[in-house]
Amino acid sequence: MSEAKRRAAEKAIEYVENDMIIGVGTGSTVAYFIDALGRTPKRIKGAVSSSEQSTAHLKQHGIEVLELNHTGTLPLYVDGADECDPYKRLIKGGGASLTREKIIAEASKQFICIIDPNKQVATLGKFPLPIEVIPMARSLVARQIMARTDGQPVWREGVITDNGNVILDVHHLCITDPVKLEQELNQIPGVVCVGLFARRCADLVIIGSEPPHIL
């Protein structure tokens, strides 16, 4: 599976151009992309990172990490996903960086998602849906989720996001209308971010098959 991730990541380098400032996500597939960025002869101006983990990795390769507030709109954002449906709608947040990932995706002209073939699904929801929550609202949000959906929220104990919040993973969902569910869950007081990327889905999905396939 690591080879599939590497193929997807290296294919994404084809979309990187000299002098770009690019958004960079978080996760095992993105780690391959950062390594490929470090090897490519293309020279970018810098990167906006979605996590402390990716920031450290980018700096190891000598890539300058910039603040989104200082860069404006980005031409390109590259990130992975936990699930991807045929319409390029995603579940993300397994690495607990969903809020910053969603912000950077919204700030980018093109969002390229890189995945291994196992991440493709017909309907989102088999992978538990991560939701970032203000700590004091954890129980309230969990009750609201159970009242509004058939899902079972589970606190991801011991995990604190880079923003100082907690994660609820919602199990046993069958998400037939991701845009609607994203909107509904975002309305619960205490919810910071829902790990559904449906309203702002990927523009392009690179699947690390042999050879890589573009969705």
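Backbone N, Cα and C define each Cβ position, glycine as well.
Under the heading substrate binding site, Swiss-Prot lists T26, G27, S28, T29, D79, G80, A81, D82, K92, G93, G94, G95, K119, citing sequence analysis as support. Within 10 Å of the Cβ of K92 (substrate binding site) there are 30 other Cβ atoms, across all protein chains.
Residues or ranges marked as active site, proton acceptor by Swiss-Prot on the basis of sequence analysis: E101. For E101 (active site, proton acceptor), the count of additional Cβ atoms within 10 Å of its Cβ stands at 30 [all protein chains shown].
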**Report entry** Cα-Cα distance, maximum over T26, G27, S28, T29, D79, G80, A81, D82, K92, G93, G94, G95, K119, record's substrate binders, Å
**Finding:** 16
Query raised in the report: Which residues, in sequence order, are found in the same chain with Cβ within 8 Å of the centroid defined by the Cβ atoms of T26, G27, S28, T29, D79, G80, A81, D82, K92, G93, G94, G95, K119 at the substrate site, excluding those residues themselves?
Result: G25, V30
Report task. Whole-number Å only: compute the distance from the Cα of K92 (substrate binding site) to the Cα of E101 (active site, proton acceptor). Result -> 9
